[in-house]
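Listed in TrEMBL:
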type	residues	note
BINDING	LYS13, TYR159, MET160, GLU161, TYR162, SER163, GLY164, GLY189, GLY209, ASN210	sn-glycerol 1-phosphate binding site
BINDING	ASP15, THR41	Mg(2+) binding site
Amino acid sequence: MRYSIDNWDHLFKVDPAKEISDEDLDAICESGTDAVVVGGTDDVTLDGVLDLLSRIRQHTVPCILEVSNLESITPGFDFYFIPMVMNSTEKKWMMDIHHAAIKEYRDSIDWDKTLVEGYCIMNEDAKAFKKTKSEMPDSEDVAAYAYMAEHIYHFPVFYMEYSGEYGDPELVKTVKEQLTDTKLIYGGGIENNFKAREMKENADTIVVGNLIYSDINKALKTVKAVKEME
């Protein structure tokens, strides 16, 4: 049976290439968030991933690896997120890297722990946008990508990634209207409780990342902010 994300409201994302104190990481893990995602764009190494994994594993919160390269994949995580960048202009970010991964890891993949994401990067200045040679979509494009994610690819998740920039709540609402079974995850620019709640109005799940490193106390408060909306 595949893992259900139906009840996820809030995720923290920590970057293996960034320093985080034990105190801050412990606070994140004990905050009441639904899971902690380990993932980044640049300088993601196996050593960095293993360091975070060993520290998060001291807590009971689910731990997820968002795979960004084959070299940093390791057993031990509860779940694995596999991004497929739908607005990339290069086929490799929707097909080739995943093909290589299947050739190497097919016999060891636990599909009950693996979740494929239809990924749409919405910030032209983001490292991930440039690395994947993505093309900036307009609102109709994004809505169409979301529709494709559900009806063509049957992805369990469509992820709107703004990478540090706060997105358009109305566009998030429009995207959500395209989805029935596919869950909508929003990440980017959530700097306070208001923005957390505003995006959670339409997204199934919000992701808080950069705020962890700029203001840990504000980051922690976003958990309660969205949980109180239930």
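Every residue, even glycine, has its Cβ placed from backbone N, Cα and C.
Everything TrEMBL records as a feature, shown here on the structure.
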residue : record                               : DSSP (3 states)
LYS13   : sn-glycerol 1-phosphate binding site : strand
THR41   : Mg(2+) binding site                  : coil
MET160  : sn-glycerol 1-phosphate binding site : strand
GLY209  : sn-glycerol 1-phosphate binding site : coil
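Neighbours of the sn-glycerol 1-phosphate site: apart from LYS13, TYR159, MET160, GLU161, TYR162, SER163, GLY164, GLY189, GLY209, ASN210, residues of the same chain with C-beta atoms within 8 angstroms of the site's C-beta centroid are ASN123, ALA126, GLU165, TYR186, GLY187, GLY188, VAL207.
THR41 (Mg(2+) binding site) is 12 Å away from LYS13 (sn-glycerol 1-phosphate binding site) when you measure Cα to Cα. Take the binding-site residues GLY164, GLY209: by the count of other Cβ atoms within 10 Å of each Cβ, the lowest one is GLY164.
Each residue contributes its Cα atom, and for THR41 (Mg(2+) binding site) and GLY209 (sn-glycerol 1-phosphate binding site) these two points are 13 Å apart.
Within the group of binding-site residues (LYS13, ASP15, THR41, MET160), the Cβ with the highest number of other Cβ atoms inside 10 Å belongs to MET160. The Cα atom of ASP15 (Mg(2+) binding site) lies nearest to that of GLY209, taking the binding-site residues MET160, TYR162, GLY164, GLY209 as the candidates. Other C-beta atoms found within 10 angstroms of the C-beta of TYR162 (sn-glycerol 1-phosphate binding site) number 22, with every protein chain shown included.
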